[in-house]
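According to Swiss-Prot, the features are:
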type     : residues : note
MOD_RES  : ALA2     : N-acetylalanine
ACT_SITE : THR34    : active site, nucleophile
MOD_RES  : THR68    : phosphothreonine
Amino acid sequence: MAAALAVRRAGSAPAFGPEALTPDWENREVSTGTTIMAVQFNGGVVLGADSRTTTGSYIANRVTDKLTPIHDHIFCCRSGSAADTQAVADAVTYQLGFHSIELNEPPLVHTAASLFKEMCYRYREDLMAGIIIAGWDPQEGGQVYSVPMGGMMVRQSFAIGGSGSSYIYGYVDATYREGMTKDECLQFTANALALAMERDGSSGGVIRLAAIQESGVERQVLLGDQIPKFTIATLPPP
C-alpha cells in the first residue's frame, strides 16, 4: 500500500490525514514525459516517438500518438504537458491552414516552426511544451527544427527531446553521420528510442515512426516484439 501513496515533500502537504493518502497522479497534470526524435536525410525527414503518457507515476495512456500532423508534409513531435502541446499544435495547424490558403501553395517548414516558436515564447510562463517540427517543402527539402521550452528555435540535422533524451545523447552523437539514407535513419531512430525506453521510466509503449518525402508520408508502428533489444534483461534466451 505504501508504494501506491504519494511521497509528500516537506511543507507541500500534510504528512498525515486523508490528504496524505491521495495518490500522486490525482494531483498531477497529464504529461507526455517522453522521448521524441527527428532526423534529416537527403530528400526528407524521419520522425519518431514513444507512446507513453503519464500522470505522476500513473501511466494514463500506453499508445499515445505524439507525432502530430500540422500540414500535408509537416509534422511535429510533442513533449511536456499533453494539454499544452495539443493546444499549441491545434492553434498552429489552424493558422498554417489559413496561411496556405492565402498563398495558394503549401506552407514552408520554417513557417510552421516560426509559428510554434512565437506561441511558445509568448506564453513561455504558462506553457510546458517542447516541440520538434520536421517536414519537407519544395524550397528547402527536408528540415528539422527544435523549439524547446522557453521558445527558442534552432534548425538541426537531427533533434531529440523529452525526458528520455538525456539517456541517448551519447548514442546519437556517436552514431549519426551525414548522408544517411531513409532506411538508415528509420533504424537509427528506432534504436535510439528503444535505448531511451529501456532506461527512462516516463518513456515506453510502442515506437511510432514517420518518414516524410515529396511523395508523401509513410507511417509505421513497432510493437513490443519488433522494438530493438539491447540490454541483457530484454534479450531472448539462447
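Any Cβ shown, glycine's included, is placed from N, Cα and C.
Since we're looking at a predicted model, the values are computed, not measured.
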Rounded Cα distance, in Å, between THR68 (phosphothreonine) and the residue listed as 'active site, nucleophile' is 14
Identify, among the recorded positions THR34, THR68, the residue whose Cβ has the fewest other Cβ atoms within 10 Å in this structure. THR68
